[in-house]
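What follows is a set of notes on a single structure, which appears directly below.
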């Protein structure tokens, strides 16, 4: 154990400091005073999204009894590293490919939204990766996500706001692919479980995500007000649906916090891809109801059937919390496009529009899965000192933890 601690002390601090020096040098060349003047995004709107990613997801991931410090602390670490990396990569793409500059606040806002994909992926491998692996996964995933989004925009002509809403699809399936490269924990391990206190903190993060999700969906949307009220109605119905479904699917006929924790956000995830095409609130409400149903029923089926067969351990349930609702949202978007263009569907331009969106969703999932497998293999190299299965989900492996806290 002492050899691992020495390696941890000699690698993690220097890796973080090295990355920050690289960022400082690159920012010195990339940013100027002109980038900070005037913005198409207001600071309060950006602040809402920042609250979501840092505070909301930070506590949302506190679902393990002995991994609270790491869930919140490592979430903050990868967010601040990833945002800086994403801003630099976005600047490179826009300047060298599109020959244009964006204002500074819009850059940071887009980078923060992009980091949502990484945070979702981190939930799938929560407790099984060390900080070096998490930082490496963050940098690599940001690169792959931006390349995927750039391909959708460049070749499939997907608009910027719709391309950003692929974060849930990309994050969920990238994380699942990475998780498949890690050993499964023992089914009987008490560390791979929650307590009343961890469930309460996790629900606190869920509430923050629920409150700020309309800001997340509307930040880059073409029709901001429509995006806000459609998101709110979808979230409201998914939250209402979660309660009766939780009772009906529980053996003892009681509410399960795990169901509420996952399903109340499903409507916001599902509605993200089709915001501009949802003309009436009742469509968003139906989508929220279906998303909540898929999340709760999916959690039952995936945990008992699919995940064991594929040897995938999804720590935070990102597949049924974000992946399946995002797939539902993608299918809904395609259906709405078909209905909207039904009268002129035979025309080449309308058929091409629908096919490009189908291709964009398939490309996003494919790139996420393939690059996730590659990343999983990369970060499992002996160089990065994968932690043993017996030490999964342990705060005290990385943090100073008081003895009475370890017993919770």
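Residue 1 is the first one shown; counting continues down the chain.
Placed from the backbone N, Cα and C atoms, the Cβ positions cover glycine too.
According to TrEMBL, the feature domain 'Ammonium transporter AmtB-like' maps to 37-392. Taken from TrEMBL, the feature transmembrane segment covers 12-29, 49-67, 74-96, 134-151, 163-179, 200-221, 227-245, 281-302, 318-338, 358-381.
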(message) Before we move on, state whether the transmembrane segment (163-179) and the transmembrane segment (318-338) share at least 3 Cβ pairs under 8 Å, counting only pairs 6 or more apart in sequence.
(response) yes
(message) Can you work out which residues elsewhere in the same chain, 6+ from the ends of the transmembrane segment (227-245), have a Cβ less than 8 Å from its Cβ atoms?
(response) 210, 213-215, 217-218, 221, 255, 259-260, 263-268, 270-272, 275-276, 278, 281, 283-289, 291-293, 295-297
(request) Could you tell me what the rest of the chain brings near the transmembrane segment (134-151), counting residues at least six beyond its ends with Cβ under 8 Å? (result) 15-16, 19, 74, 77-78, 81-82, 85-86, 89-90, 93, 97, 114-115, 117-118, 121-122, 125, 163-164, 166-167, 170, 174, 178, 363-364, 367-368, 371, 375, 378-379, 384
(request) Could you please provide the mean pLDDT value for the domain 'Ammonium transporter AmtB-like' (37-392)? (result) 90
(request) For the transmembrane segment (358-381), find every same-chain residue at least 6 residues outside the stretch whose CB is under 8 Å from a CB in it, and list them. (result) 121, 129, 133, 136-137, 140-141, 144-145, 147-148, 151-152, 156, 158, 162-163, 166, 169-182, 273, 330, 334
